[in-house]
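The structure appears right after this line, and notes come after that.
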Amino acid sequence: MEKTCADEFPLTVDSSEKQGVVCIFGTGDFGKSLGLKMLQCGYSVVFGSRNPQVSSLLPRGAEVLCYSEAASRSDVIVLAVHREHYDFLAELADSLKGRVLIDVSNNQKMNQYPESNAEYLAQLVPGAHVVKAFNTISAWALQSGTLDASRQVFVCGNDSKAKDRVMDIARTLGLTPLDQGSLVAAKEIENYPLQLFPMWRFPFYLSSGLCVFFFVYCAIREVIYPYVTGKTDSTYRLVVSIPNRVFPITALTLLALVYLPGILAAILQLYRGTKYRRFPNWLDHWMLCRKQLGLVALGFAFLHAIYTLVIPIRYYVRWRLRNATITQALTNKDSPFSSSTAWLSDSYLALGILGFFLFLLLGITSLPSVSNMVNWREFRFVQSKLGYLTLVLCTAHTLVYGGKRFLSPSILIWSLPSAYILALIIPCTVLVMKFILIMPCIDKTLTRIRQGWERKSKYAQSTLNGKSDI
Ligand code: NAP
């Protein structure tokens, strides 16, 4: 009998309560880490390995045997081996009959194989109860104990008793098992760790596109135009002035785009006269990304706030102020105080500060730790009512910034209006549409639709005709 008692692994095991024996096939990174965690939680661990004699650095207290002997020691076997090496299991099919076989494997690419690894395993070892689990937990997290962000263990399998056993093990390890149904769900579970910020992709591409567009737009108006018409070098504007236009414009546009899908959905429901029809996929996806869109918008608003704070220390601004003062002193003329300009300037600042404050509040309440503390009505109040108030304040901030400039001929350069005018298009459209939707006659119909009423309901029709099924 090939048998090695591994005692080289430096970590100690603290187990007061015995939980039973678990077998782990494979003494690689994941097998070792899971084995250590299991030992710490009171399980006896037997490793199955191609070569038990040379397996090293295993947790103290674990046994290492050849695959067939290890399999005979436990009803539960964790397969910590890559799918490409599953072939050896076909030979063990008889000894694995009736055992719970846990597939922890992941792939290199999404949908790499026609069937999931777990389903492939079930075909290789038809007599075993294959359960997919633990693939979303990393070896590093198991070893270092930093499982806070990934405590969830998705579990699926066709045998409910086998699934229950695996979920019990997960709970004993301090993890949170989530039953995902039959083995068909394995494909999705295997794709899950390969996803890269799926909900952030649309906000990221959209905000990058907006930034690039507005940057080029502003550069044409503020750098290229002065150079072409007067040979003036304004390239320094590319560093602070133009970004400080692009960031607020992007933030405001994104904030408006957070509320636009809700309005489109309402219009669609009004048009269809029912809420029981699916929205188009693009609208569904857009609605799901609203939180991420809002957070990206908040990031840009932050950048705008920081860029605005450095304005007084900019060389160009100090030079302009100094020159204006010297010119006034030399010509002995001072510019008269304009009450309307003071009003506009103070209102602009106040609206910006209040808008930013509410924006921050929205961002904070979207954090899971905060949103879990409020009920559904409170969350809706903050995200919808305060959200719209934020949009109103930020739009007003931009409108007041425009102020007297709207009437100035310099608003058009090469027939291109100022960028902040473009920035107002989507927010103003959203606010006007929202205003129309909250008018009592429309709001009443929309509320009824959202409570389940249908304009062309066959049930309503039959009730009207006195043919109610009830
Ligand atoms: P690894 O370090 O490469 O270990 C794989 C083990 O498989 C080897 O140590 C070997 O153990 C065994 N094996 C059996 N037949 C083999 C063969 N023909 N060639 C090579 N090795 C063979 O991989 P791992 O990182 O532990 O991952 C193991 C499984 O866990 C994979 O399916 C992976 O997708 C999954 N997983 C890993 C992580 C992670 O963070 N690493 C997280 C989740 C899931 P013996 O030498 O003892 O036979």
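Count begins at 1; order follows the chain as displayed.
Cβ from N, Cα, C; glycine included.
Per Swiss-Prot, NADP(+) binding site is recorded for 27-30, 49-50, Tyr67, 81-85, Asn106, Ala139, Arg171. Per Swiss-Prot, FAD binding site is recorded for Trp140, Asp148, Gln269, Arg290, Ser366, Gln383. The transmembrane segment annotation in Swiss-Prot covers 202-224, 236-256, 293-313, 342-362, 381-401, 419-439, and the record cites similarity to another entry as its basis. For Tyr217, Tyr307, the entry in Swiss-Prot reads Fe(3+) binding site, with the evidence type similarity to another entry. The domain 'Ferric oxidoreductase' annotation in Swiss-Prot covers 249-391 and rests on sequence analysis. The feature heme b binding site is assigned by Swiss-Prot to His304, His397, with similarity to another entry given as support.
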Give the subset of the binding-site residues Ser49, Gln269, His304 lying near ligand 1, defined as CB under 6 A from any of its atoms.
-> Ser49
Candidates Glu84, Arg171, Gln383, His397 (binding-site residues); nearest Cα to Tyr307 (Fe(3+) binding site) turns out to be His397
Using all protein chains in view, find how many other C-beta atoms are within 10 Å of the C-beta of Gln383 (FAD binding site).
-> 19
DSSP helix, strand and coil counts for the domain 'Ferric oxidoreductase' (249-391)?
-> 119 helix, 0 strand, 24 coil
Same-chain Cβ contacts of the transmembrane segment (202-224) under 8 Å, 6 or more residues past its ends?
-> 234-235, 237-238, 241-243, 245-246, 249-250, 253-254, 257, 285-286, 289, 292-293, 295-297, 300, 413-414, 416, 418-419, 422-423
Given the transmembrane segment (293-313), which of the listed stretches 236-256, 381-401, 419-439 has the most Cβ pairs that are under 8 Å apart from it?
-> 236-256
Other C-beta atoms that fall within 10 angstroms of the C-beta of Gln269 (FAD binding site) | 18
Among the binding-site residues listed as His82, Asn106, Tyr217, the Cα nearest the Cα of Gln383 (FAD binding site) belongs to Tyr217
Any idea what the model's mean pLDDT is for the domain 'Ferric oxidoreductase' (249-391)?
-> 92
Tally every other Cβ atom lying within 10 Å of the Cβ atom of His304 (heme b binding site).
-> 22
Indicate the candidate from Tyr67, Trp140, Tyr217, Tyr307 with the smallest number of other Cβ atoms within 10 Å of its Cβ, considering only these binding-site residues.
-> Trp140
Quick one: what's DSSP say for Ser49 (NADP(+) binding site), helix, strand or coil?
-> strand
Using C-alpha atoms, which one of the binding-site residues Trp140, Gln269, Arg290, Ser366, His397 comes nearest to Ser49 (NADP(+) binding site)?
-> Trp140
List, in sequence order, those binding-site residues among Thr27, Asp29, Tyr67, His304 whose Cα sits within 10 Å of the Cα of Trp140 (FAD binding site).
-> Asp29
